[in-house]
Amino acid sequence: MIEKIWSGESPLWRLLLPLSWLYGLVSGAIRLCYKLKLKRAWRAPVPVVVVGNLTAGGNGKTPVVVWLVEQLQQRGIRVGVVSRGYGGKAESYPLLLSADTTTAQAGDEPVLIYQRTDAPVAVSPVRSDAVKAILAQHPDVQIIVTDDGLQHYRLARNVEIVVIDGVRRFGNGWWLPAGPMRERAGRLKSVDAVIVNGGVPRSGEIPMHLLPGQAVNLRTGTRCDVAQLEHVVAMAGIGHPPRFFATLKMCGVQPEKCVPLADHQSLNHADVSALVSAGQTLVMTEKDAVKCRAFAEENWWYLPVDAQLSGDEPAKLLTQLTLLASGN
């Protein structure tokens, strides 16, 4: 229902307009206060890069964060990552992730990023505290990438990158809750790069698509072509589950059942195992896998995806960030 409201297919969005005007008024006032320096943002001693979005829901932001961190690491840059840790609840903040940190403590995206990149990752509702925690334990870090947080103006930033779903884009264009917008589309004029996940990019936007890898068994780590798996049940607890189901079909998989779950939904063995019957194979997203690995069955697999950015702009962006991190 929410997708139909935000896309404009359902007329119910009109009933929510008063709340949207209130949301827009408050969010605009907050940004204006920081812009006029009525409120002070904390500036880190190293450059900060924000990877965020203008809309609620999945846009492919986390794969972009992983891509950015890995690309900078390949250039010899020491990167730290901070996040709010949405969906997790730590005993205290900031929380610096370790190999023992669970998604229940830190949230699923931070754990995924930590496992994929081996970069220092810290979470806190106050992102400046997370930055301080990383720099205290890893003083060699040269640049901070913040996963989401475009609207978290308490943390000053050097570079802003926005990720857009190229198919859904901005829906009906209204602020939450009548539409998907956290900020209006005009905000794009002030950011440094716009990355478009799928669809047809517009002038000045960087095209991106998600490239699926081999399926990975949660229990054994065995890899295989996902099309070799039989009697597949697909599960996705991400911001936009249909994207994952479409990716499977693109890989030649015709799931016997597709199970969309809420983003950041808590998972347990009983609920997940009930999704598959004898002889079926469960295939999930990598984001779900970080929550299920501790209690996985032998027939549970996940499909990792990597962000692939096209054109000349990604190289220019990476050069800019490398120089920034190097102090040039």
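Note: Cβ is positioned from N, Cα and C throughout, glycine not excepted.
According to Swiss-Prot, the feature ATP binding site maps to Thr55, Ala56, Gly57, Gly58, Asn59, Gly60, Lys61, Thr62. Counted within 10 Å of its Cβ, the other Cβ atoms near Gly58 (ATP binding site) come to 23, all protein chains included.
Packing around Gly57 (ATP binding site) is summarised by its Cβ count: 16 other Cβ atoms lie within 10 angstroms of its Cβ, all protein chains included.
In this view, Asn59 (ATP binding site) is surrounded by 27 other Cβ atoms within 10 Å of its Cβ, with every protein chain counted.
Other residues of the chain with a Cβ within 8 Å of the Cβ centroid of Thr55, Ala56, Gly57, Gly58, Asn59, Gly60, Lys61, Thr62, the ATP site, are Asn53, Val163, Asp165, Gly239, His240. In the shown protein chains, 17 other C-beta atoms lie within 10 A of the C-beta of Ala56 (ATP binding site). DSSP assigns Asn59 (ATP binding site) to coil, not to a helix or a strand.
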